[in-house]
Amino acid sequence: MSLEEKEMKYRISDIARELQVSPQEVLHFVKQEGAKVASTSSMVKSDMRELILGHFSDEKRLVDQTRKIREEKRQRLTRLEEQSRKTYEKEQQLKDSIAVFPEPGPVLKKDHVHEEPEKPAIVISESEPEVEPEVEPEQPAAAQEAEEAVPTEAVSVPEPVEQERVVPAPEKPEAEKPVPEQSSTMKAQASPEMQVTYEKPKNIGGLTVLGSIDVRSALDRGSESDRKKKNRKKRFKEQADELKGEFENAGKAEGDKKPAKSGEAKTKAPKKAAGTTGSAAEDTTSSKKKKGGKKKKPAVDEKVISQNIRSTISGMDDSSGGSGSRQKFRKMRKIEREKELEAAEAVKEAERSIVRVTEFATAHELADLMGITAKEIIQRCFTLGKFVTINQRLDKETIELVALEFGFEAEFVSEVEATEVFEVHDDSEDLEIRPPVVTIMGHVDHGKTSLLDYIRSSNVVAGESGGITQHIGAYEVTLDNGRSITFLDTPGHEAFTAMRARGAQVTDIVILVVAADDSVMPQTIEAINHSKAANVPIVVAINKIDKPEANPEKIRAQLSEAGVLVEDWGGEYQCQEISAKQGMGMHELMEKVLMEAEIRELKANFSREANSRGIIVESELDKGKGVISTVLVQRGFLKVGDPFVAGNTMGRVRALMDERGRRIKEAGPSQPVRVLGFEDLPQSGDEFVVMPTDKEAREIAQKRQIIRREHEFRRSTRVKLDSIARQIKEGLMKELSVIIKADTDGSIQALADGLMKIHNEEVKVQIIHQGVGQITETDVLLAAASDAIIIGFRVRPNVNAKRLAEKEDLDVRFYSVIYHVIEEIEQALEGMLSPELHEESLGSLEIRQVFRVPKIGNVGGCYMLEGKIFRDSKVRLLREGVQIYDGVLDSLKRFKDDVKEVDAGYECGLNLKGYGDIKVGDIVEAYRIVEKKRKL
């Protein structure tokens with residue numbers, strides 16, 4: 001045994017799986033052998049593995065036998081498949097070798113037989129014959145049927161010559177073994193150099209032609225029907241096999257019997273009279289006819305044979321002219337289809353190996369996703385040392401481990417992705433040009449809303465508190481040329497980062513507004529990063545160029561440093577100088593926006609039957625109307641009465657309003673609309689999807705709520721447990737508890753993000769509760785119980801809540817500008833900070849003489865070198881530069897009088913509290929401690 005084998009280790013569970021025995025049995029045996037193992041996941045060395053295999057040799061032998069049987073079955077199936085494939089290839093070769101017959105001659109009637117029919121003789125010509133255009137019409141019926149049944153190459157019939165002799169028929173080719181012997185044309189085909197000639201000797205009995213059947217007309221009638229034609233093609237192979245078997249049976253039955261038709265006797269004559277003359281062959285034929293006249297005909301259904309012949313000829317006529325190339329094309333198509341199916345199967349197999357699951361899924365849910373039973377999940381968890389039940393929720397690590405055990409890869413998704421409604425695939429013919437969605441971004445007070453005011457010919461700024469945009473405004477504007485543009489006006493304050501990110505996700509084009517009298521600010525850089533991350537084109541608008549201090553070139557230079565090189569400087573970003581107040585350059589800016597939209601070819605499905613989809617831009621709670629959300633429609637038409645699901649909530653559209661509050665009946669793609677009818681407040685950025693029924697919408701919303709609730713519960717529990725040690729360690733961490741109530745969901749998110757950034761190692765903001773709507777009694781009671789302050793952003797308390805807050809003496813603050821909220825919370829947190837202590841030097845003294853005073857101790861006679869010393873000052877005694885005392889004065893005197901202070905240049909006497917070892921030459925420094933307010 002090599003060193004590598006000795007070092008190899010094996011997992012007990014893998015060995016048990018190989019032997020197909022219980023892992024617990026293997027673990028029990030290993031422990032009996034004295035090995036120290038903890039569980040079935042423990043590793044053992046190769047020598048222990050050999051002991052296990054030897055102990056469970058019977059089980060291993062049974063497993064080996066089972067595998068051997070499976071292998072034999074697999075090989076047998078492989079051989080059968082190979083034989084089937086070879087048989088199919090031979091049949092295809094046989095079909096390819098079949099050629100098309102010339103137009104068949106008239107078929108003879110067999111009802112009325114003349115006593116002395118004319119019998120054509122078969123002779124072989126050695127000289128080159130002249131080719132006649134047609135075969136003799138008096139060809140016997142039996143030979144005609146045989147020729148139709150077995151199509152071969154067309155045979156030319158030459159004129160008879162003087163010297164003729166009969167030769168024996170050559171051996172048939174191997175590929176034509178199933179063809180009946182009575183076909184004279186097949187014998188002629190076996191030797192290409194020989195040509196068959198039919199003679200009509202006089203005074204020879206045979207059949208008399210009394211009529212004919214028009215086979216071509218019957219075939220034409222059959223080919224006129226497309227349905228029958230397709231059915232014949234499908235049955236082509238089956239009919240050929242059936243026809244071949246019937247003729248073989250007929251040939252065997254006629255071997256010992258007299259031929260029923262004179263044509264059959266003529267085909268047998270050359271074989272039996274080999275080397276004789278034609279007359280001898282004729283005598284033999286006539287004698288056979290006399291002997292076998294009373295025998296019965298072979299049991300062959302002539303009607304079935306005739307129908308099969310016609311069907312076969314019809315199928316060959318349809319595929320005539322390039323049948324070989326058509327067969328090759330079919331084979332190529334079949335191979336291509338097989339390759340496509342294999343590729344699709346490989347993709348499906350790869351997709352099947354990935355399990356998209358939410359965190360904290362139950363064992364039953366995980367089993368359904370992997371296509372196994374929950375019992376198997378529980379058993380595998382048991383072998384891994386985890387005890388779970390069917391409805392127990394598994395953590396992330398357990399889900400990954402169990403998925404790997406069953407050959408799957410776990411991919412964790414959110415509750416919205418896990419309950420994805422349906423994927424939308426619109427056909428290109430259903431898509432139409434839609435208006436572009438343009439988001440206006442930039443720094444605070446750079447003129448974003450003023451730009452939109454000029455476009456809308458309205459005054460949005462007047463409606464915003466402090467002239468600062470604090471909501472995402474969605475507006476639809478129709479230009480002078482009839483084109484429509486949807487504008488999203490985002491806040492520029494740093495607290496609204498999430499709002500700007502949402503605006504970049506749903507937009508098509510970004511107008512980046514930069515003030516020409518200012519510079520590129522941090523929020524400008526942030527807007528550029530949001531746009532680039534969302535892969536959205538940027539059109540730069542340099543505003544306020546009408547001001548005398550405007551410097552557009554400086555703005556272009558700063559933008560190039562930020563990665564936005566405008567077209568004027570050879571870049572790819574369009575740029576326009578404007579004045580939102582005066583309207584300068586506005587027309588050119590709109591043209592550039594429309595040109596950018598045409599380049600991107602923005603399209604959407606305008607079908608009224610398509611399920612509508614959109615994005616929640618903003619949400620708010622109205623006292624009289626309830627939850628109102630601004631939805632940007634992206635697909636289809638949103639109509640009143642449509643059931644929908646949005647995030648974790650659902651509802652039915654009760655009313656639709658435009659941005660000016662006017663009621664509308666429907667809203668199409670790229671149109672912003674205010675929707676009434678939500679059960680709960682959705683979050684900004686949630687997807688809005690119209691569902692077929694209320695029941696389906698409610699089921700999806702409930703599933704998402706359950707998953708979200710479980711996530712929050714598990715996460716909060718884990719945070720609390722993890723934070724116990726941290727809280728014990730920190731001990732003196734101070735928190736400012738707040739309750740936030742605002743008018744919209746976006747404002748709440750902005751406030752929460754801004755407040756959570758205000759913290760340090762000593763103080764922080766703890767948001768206990770946040771919600772949309774007015775301040776209620778519940779909020780006041782919660783604030784009283786948790787000793788929190790209430791922040792109302794653009795909302796007020798109701799009468800009962802106001803009375804209760806006064807009774808509880810709670811601090812309730814109201815704001816309408818986000819700046820003021822953040823500033824005051826910062827001040828409150830700074831007041832909670834411990835002040836910083838600074839030392840301020842007051843002066844220094846030199847001890848020039850030491851006096852001994854009874855009951856007091858040593859008193860130093862000092863001279864004030866600089867500064868000033870006070871009675872309550874702290875002092876520090878230095879001897880040769882080394883501090884030997886730090887304390888306070890016990891007394892300060894000038895002559896015999898106590899004084900409060902002594903200035904520089906004066907003498908004084910002092911003694912130190914609790915210290916008397918003073919010497920001449922020591923220096924006394926006077927100082928005091930000053931408290932300084934700390935800043936965050």
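Every residue, even glycine, has its Cβ placed from backbone N, Cα and C.
Swiss-Prot assigns the feature region 'G2' to one of the listed ranges (392-396, 462-466, 467-471), namely 467-471.
When Swiss-Prot is compared with the stretches 90-97, 442-449, 658-665, the one noted as region 'G1' is 442-449. Looking at 351-354, 543-546, 711-714, 795-798, the stretch flagged in Swiss-Prot as region 'G4' turns out to be 543-546. From the options 425-428, 489-492, 777-780, the stretch Swiss-Prot describes as region 'G3' is 489-492. Around the Cβ of Ile545 (GTP binding site), the same chain contributes Ala516, Pro552, Glu577, Ile578, Ser579, Met584, Gly585, each under 8 angstroms and 6 or more positions distant in sequence. Look at the region 'G4' (543-546): DSSP puts its residues at 0 helix, 1 strand, 3 coil.
Per DSSP, the secondary structure of the region 'G1' (442-449) breaks down as 2 helix, 1 strand, 5 coil. Take the CB of Asp445 (GTP binding site) and look out to 10 A: across all protein chains shown you find 16 other CB atoms. Taking each of the binding-site residues Gly442, Lys448 in turn and counting other Cβ atoms within 10 Å of its Cβ gives the largest count for Lys448.
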